[in-house]
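The following features are taken from Swiss-Prot:
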- 227-247: coiled coil (COILED)
- 277-294: compositional bias 'Low complexity' (COMPBIAS)
- 18-248: domain 'BAR' (DOMAIN)
- 305-364: domain 'SH3' (DOMAIN)
- 266-295: region 'Disordered' (REGION)
Amino acid sequence: MAFAGLKKQINKANQYMTEKMGGAEGTKLDMDFMEMERKTDVTVELVEELQLKTKEFLQPNPTARAKMAAVKGISKLSGQAKSNTYPQPEGLLAECMLTYGKKLGEDNSVFAQALVEFGEALKQMADVKYSLDDNIKQNFLEPLHHMQTKDLKEVMHHRKKLQGRRLDFDCKRRRQAKDDEIRGAEDKFGESLQLAQVGMFNLLENDTEHVSQLVTFAEALYDFHSQCADVLRGLQETLQEKRSEAESRPRNEFVPKTLLDLNLDGGGGGLNEDGTPSHISSSASPLPSPMRSPAKSMAVTPQRQQQPCCQALYDFEPENPGELAFKENDIITLLNRVDDNWFEGAVNGRTGYFPQSYVQVQVPLPNGN
């Protein structure tokens, strides 16, 4: 910074402290300007908070959001593009119903068929929710972000510049500088005042565009709920048909089988041909004790030890959401390999991501993880 510029900054700082501590009077702007400043400050807070709350509305699970942010950050660091979509609750429930409906068997179970129908409906609702997310991000969140990073940023820049030039002007007047210096400072002060006023006015008088964005948001929500209502109406009719089908089916008769029906052949404890219990042979060996033998108990331990894990070589403090903190010598359970440099693991009931260079793998993950 040149000496003249440094001197100007010192003078402005001196004027600021004189006004705050010494009671000096600075140039006062009118009430209309101060009201525009207040509304602009509220708009800055509104845009920041509205973006945050809208994202939480679309993706309410904070753990899933943190995991997505961590994966996105790791992908940027590693230079690898990684597919990363928010797990819609409708989709998770749909997957559960579809999986177990097919396991039960749709051929013989109306309940299994109903589960599959319900799962397919929820899957459609999850797809509709993804469309809602894309619509809101494109037509509501992106304009807000543009407003925050361009319009508001420009207005706040003019306001900051206005404050600096006002201090410079008042400092030159207080110190009774040369007339041409005071006039030059006054001209710059007036120029910044004009730019700040026009910028704030244009921002605050743009209601048409802002309300249009709210209309788009409301229309997207209406379309989402309308499509979901159509899906649920069809599902309700289908499930009522399945209920009627289940009620009209004849009830199957079931006769439990006996040991004789199973053609068991052997010694004591069986049944005679007439169905009466046979006597236990005195030579028959006694039943084994239900107590677990030491050999069986010990056999469980190695399996537990074979769980993929690693030992921390150093302390790790997270820098991003979703990362896992741990201390040196902690034993961390390995859950997944994110890429060549990062793991996903768990320790002390917490899960998250951590760099491979901070740990020594003791039991590696199976191939493919």
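Including glycine, each Cβ sits where the backbone N, Cα and C put it.
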Overall pLDDT for the domain 'SH3' (305-364), taken as the rounded mean: 91
Tally of residues which DSSP labels helix, strand or coil - the domain 'SH3' (305-364): 4 helix, 31 strand, 25 coil
